[in-house]
């Protein structure tokens with residue numbers, strides 16, 4: 001009985017009229033005459049690929065990233081550790097890391113410490129759990145390496161394709177578009193990478209936009225998988241390439257920030273902001289989204305798959321707008337005219353000190369921007385000091 005119900009449910013979910021224009025269906029995507037088409041069974045390979053990415057990442061971060069951090073002189077700032085206190089440690093681990101005022105007063109009675117000592121202890125204990133500069137640098141260098149290689153590979157796979165220059169070509173012959181080997185590997189590697197990001201999210205550095213990152217990763221995986229199933233592959237490769245175009249710039253800016261290369265970080269971030277705005281707020285909505293939303297209606301009547309695909313794209317576009325606002329706010333503050341000069345009252349250094357506090361929006365892939373869509377974005381406070389040449393995330 002249950003088996004019959006599941007079979008009927010599957011037949012209803014995957015019926016032709018939901019996912020294809022009238023008169024077309026799954027039968028049109030069967031291999032024939034030497035032509036190979038995308039199949040749902042192909043997606044099982046993304047899970048072993050994701051595991052391979054996790055293994056490669058561990059090796060990369062422990063070898064290449066560590067040597068690169070040493071080369072760029074990434075240093076850890078000394079941290080004052082909280083003194084051992086079983087009462088406060090128990091509360092910190094089991095109740096809250098941010099005790100209320102009433103809880104602080106109660107803890108002073110139990111631990112024999114003053115209110116100021118309890119507050120200082122919790123501040124130092126929280127600081128101990130902050131991720132180290134080396135850990136953040138290793139994560140950024142891993143994502144930088146993948147995003148850069150993915151962008152180069154994607155560009156190489158699309159540069160000679162007609163739909164790269166004329167996007168209406170992505171619908172020429174739909175849905176019977178034969179699968180190319182370059183498209184197959186581009187899809188599987190991108191999907192495997194985003195799956196690996198979901199697997200590692202528990203151990204990665206937690207950012208302020210953690211929830212937005214999860215939504216981005218899930219929407220990206222659904223979008224790429226769905227475009228594969230219904231053979232929207234030409235549109236999918238263009239969307240992935242657009243997301244890959246800026247993600248590696250963000251990760252490189254973060255790497256130089258952790259290495260305290262202030263000017264290099266600033267210049268790269270401004271370049272990243274320009275590329276992000278161009279690709280995700282101009283090319284994606286006005287070229288690609290127009291070709292997936294408006295142009296198909298001149299060829300086929302709308303169907304559920306059409307709305308589902310474009311709905312996922314709109315979710316990603318909303319995230320892009322959210323991140324673009326944060327990026328622009330930060331990029332504007334990087335401009336020379338917006339730097340405020342402040343000379344400390346009790347400074348023996350005659351050189352003025354520049355204090356610049358910014359909310360740094362970082363993307364973590366992958367359409368994860370898509371980035372990689374597919375990229376992890378977050379709001380991080382930065383302090384730039386000319387006298388000490390330090391930038392703090």
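FYI, residue positions are counted from 1 along the chain as it appears here.
Positions of Cβ are set from backbone N, Cα and C atoms, glycine also.
The annotation transmembrane segment is assigned in TrEMBL to 43-60 (among others). Beyond the ends of the transmembrane segment (43-60), by six or more residues, the same chain brings 141-142, 145, 188-189, 191-193, 195-196, 199-200, 225, 228-229 to within a C-beta distance below 8 angstroms of the stretch.
Taken from TrEMBL, the feature domain 'Homeobox' applies to 71-132. Note on the domain 'Homeobox' (71-132): mean pLDDT across this stretch is 83.
The annotation DNA-binding region is assigned in TrEMBL to 73-133.
Positions annotated as domain 'TLC' by TrEMBL: 135-336.
Here TrEMBL flags 144-164 (among others) as transmembrane segment. Long-range neighbours of the transmembrane segment (144-164) within the same chain, counting only residues 6 or more positions beyond its ends whose Cβ lies under 8 Å from a Cβ of the stretch, are 60, 64, 170, 172, 180, 182-183, 186, 189-190, 193, 234, 237-238, 240-241, 244-245, 247-248, 251-252, 255, 365, 371-372, 375.
Taken from TrEMBL, the feature transmembrane segment applies to 184-202 (among others).
Positions annotated as transmembrane segment by TrEMBL: 265-288 (among others).
Annotated transmembrane segment per TrEMBL: 308-332 (among others), in sequence order.
The residues of the DNA-binding region (73-133), classed with DSSP into helix (H, G, I), strand (E, B) and coil, number 36 helix, 0 strand, 25 coil.
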